[in-house]
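Copied from Swiss-Prot, the annotated features are:
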ACT_SITE  CYS2  active site, for GATase activity
BINDING   ARG49, LEU50, ALA51, VAL52, VAL53, ASN75, GLY76, GLU77, ASP97  L-glutamine binding site
BINDING   LEU256, ILE288, SER363, GLY364  ATP binding site
DOMAIN    2-191  domain 'Glutamine amidotransferase type-2'
DOMAIN    213-536  domain 'Asparagine synthetase'
MOD_RES   LYS385  N6-acetyllysine
MOD_RES   THR545  phosphothreonine
MOD_RES   SER557  phosphoserine
SITE      GLU365  site 'Important for beta-aspartyl-AMP intermediate formation'
Amino acid sequence: MCGIWALFGSDDCLSVQCLSAMKIAHRGPDAFRFENVNGYTNCCFGFHRLAVVDPLFGMQPIRVKKYPYLWLCYNGEIYNHKKMQQHFEFEYQTKVDGEIILHLYDKGGIEQTICMLDGVFAFVLLDTATKKVFLGRDTYGVRPLFKAMTEDGFLAVCSEAKGLVTLKHSTTPFLKVEPFLPGHYEVLDLKPNGKVASVEMVKYHHCRDEPLHALYDNVEKLFPGFEIETVKNNLRILFNNAVKKRLMTDRRIGCLLSGGLDSSLVAATLLKQLKEARVQYPLQTFAIGMEDSPDLLAARKVADHIGSEHYEVLFNSEEGIQALDEVIFSLETYDITTVRASVGMYLISKYIRKNTDSVVIFSGEGSDELTQGYIYFHKAPSPEKAEEESERLLRELYLFDVLRADRTTAAHGLELRVPFLDHRFSSYYLSLPPEMRIPKNGIEKHLLRETFEDSNLIPKEILWRPKEAFSDGITSVKNSWFKILQEYVEHQVDDAMMANAAQKFPFNTPKTKEGYYYRQVFERHYPGRADWLSHYWMPKWINATDPSARTLTHYKSAVKA
């Protein structure tokens with residue numbers, strides 16, 4: 001996890017502009033570099049480094065002697081870089097995984113390069129020989145990327161929007177900043193004056209398509225067919241491999257553990273893989289919650305079962321409420337469910353950074369979207385409609401759960417790794433018949449649970465534990481986190497303010513006092529940037545007025561049972 005920043009065609013003093021780059025310093029606390037592009041006085045790169053791989057030679061922009069015309073600034077991890085290096089017999093100058101991007105690009109161009117990358121990434125690649133600039137982002141947008149571009153060709157790129165909003169440009173006082181779409185790359189012409197012109201924007205990968213790099217994977221051969229035992233065996237193979245490849249780091253590994261199905265499977269598989277790799281330190285797992293939190297109890301059971309070095313972080317409602325301003329600033333969104341769920345993740349990340357030496361943190365993000373884990377999937381009118389909704393959620397991850405996971409950890413200089421969003425695992429899961437993936441017998445994620453039923457990987461009661469949203473599970477059923485927040489904002493937002501909400505906030509007008517409060521905080525930090533969120537996250541098919549799972553009939557029935 002790092003922070004990248006780049007300008008092309010700036011008409012303001014670069015020494016002034018680069019102050020904006022310092023707004024993402026939290027993403028890379030280990031080192032910083034600011035470098036002008038040779039021959040272009042108005043083009044530059046900025047890089048904040050979190051040293052995870054090759055601490056000695058990992059600074060950016062990456063430049064190697066063989067390709068003096070290439071400049072690369074990227075944030076991410078390329079898990080198959082050694083496999084690609086060996087297969088194509090590339091001569092490396094460093095041990096940095098991102099160097100593979102330069103070699104692949106020189107060999108086959110940008111399309112082949114980006115399709116061959118197995119990992120998570122956001123990059124800016126400059127080729128001064130062909131006068132081209134390339135931007136690219138991974139399939140699910142696990143690594144963030146924002147851009148601002150004016151009609152006269154000024155381009156600014158950054159890992160977080162906050163690094164762009166204060167930039168100056170003579171022709172455009174208010175720069176339009178927008179997220180770069182996941183699963184896309186863009187080609188731009190670089191003009192002699194340092195400005196750029198967009199040539200094409202290409203969607204290079206659909207989430208259900210098997211990635212091109214699968215041809216070179218080390219995964220053992222999968223069995224053909226959709227018989228249930230065959231499918232379960234293939235899923236175990238792919239999930240184990242998804243975790244194993246993510247062990248690539250020179251820093252200590254930890255794992256978030258809520259006690260839910262997803263984080264428990266990740267933690268248990270991770271500990272198993274660390275033992276097989278003969279890592280010399282125990283796995284640290286981390287859970288957060290208030291008193292009487294069901295997550296804390298469940299996480300404790302899992303930690304005892306797998307034998308991890310477990311940490312429990314307690315917080316109270318006052319601490320959670322006090323963190324809201326920092327959380328919304330870090331997130332760059334005002335989405336209600338995202339803000340709710342981010343408070344606990346922000347506080348536990350803060351604890352990890354301050355009290356432990358774990359830096360690379362595993363988590364279960366992406367599973368609910370992939371495996372139809374949200375409770376409202378019980379109400380899907382058909383398997384096909386459930387499949388459509390699952391793919392929509394995956395396409396929008398970069399606006400919600402992936403955004404939350406990245407910003408709350410990056411705010412404290414941690415790197416998050418999410419095995420459920422592995423290309424091979426997710427594309428195989430999406431290739432299964434729709435009727436295999438829907439909830440069964442009143443239980444969501446039935447196929448995933450069934451896959452690991454006989455493995456003794458995690459306790460049976462956890463394997464079949466009903467879905468509990470992270471923002472709900474950190475508090476007791478009697479006093480849910482969303483209720484605590486709603487009680488607080490009741491005294492911060494009055495009825496007169498709500499009556500004027502549509503006039504004050506015509507776009508994405510908040511419908512509740514909680515939404516109004518978050519929007520106020522957001523506008524204070526990012527005035528006029530409400531369009532970063534296209535819509536609020538909300539369950540389908542059930543006429544929900546609140547995103548919390550605890551407001552749904554299915555959840556209430558499960559609790560009573």
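First residue shown is number 1, and so on along the chain.
Every residue, even glycine, has its Cβ placed from backbone N, Cα and C.
Model, not experiment: these values are computed from the prediction.
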* Integer Cα-Cα distance in angstrom, GLU365 (site 'Important for beta-aspartyl-AMP intermediate formation') to ASP97 (L-glutamine binding site) -> 23
* Asked: Does anything in the same chain, at least 6 positions from GLY76 (L-glutamine binding site), have a Cβ under 8 Å from its Cβ, and if so what?
  -> GLY98, GLY119, VAL120, PHE121, ALA122, PHE123, ASP138, VAL142, ARG143
* Asked: 10 Å Cβ neighbour count around ILE288 (ATP binding site)?
  -> 27
* Show, in sequence order, which residues other than ARG49, LEU50, ALA51, VAL52, VAL53, ASN75, GLY76, GLU77, ASP97 on the same chain lie with their Cβ within 8 Å of the centre of the Cβ atoms of the L-glutamine site. => MET1, CYS2, GLY58, VAL96, GLY98, GLU415
* **Taken over the domain 'Glutamine amidotransferase type-2' (2-191), the model's mean pLDDT** => 94
* Structure fact -> Integer Å value for the Cα distance linking ARG49 (L-glutamine binding site) with SER363 (ATP binding site) is 22
* Asked: Among ARG49, LEU50, ALA51, VAL52, VAL53, ASN75, GLY76, GLU77, ASP97, recorded L-glutamine binders, what is the largest CA to CA distance in Å?
  -> 14
* When you put ALA51 (L-glutamine binding site) at the centre and draw a 10 Å sphere around its Cα, which of the recorded positions CYS2, LEU256, ILE288, SER363, GLY364, THR545 have their Cα inside it? -> CYS2
* Taking the Cβ of ALA51 (L-glutamine binding site) as the centre, how many other Cβ atoms fall within a 10 Å radius? -> 18
* **Neighbouring C-beta atoms (10 Å sphere around the C-beta of ARG49 (L-glutamine binding site))** => 21
* Please classify the secondary structure at the residue listed as 'active site, for GATase activity' using three-state DSSP. => coil
* Asked: Could you give the Cα-Cα distance between the residue listed as 'active site, for GATase activity' and ILE288 (ATP binding site), in whole Å?
  -> 25
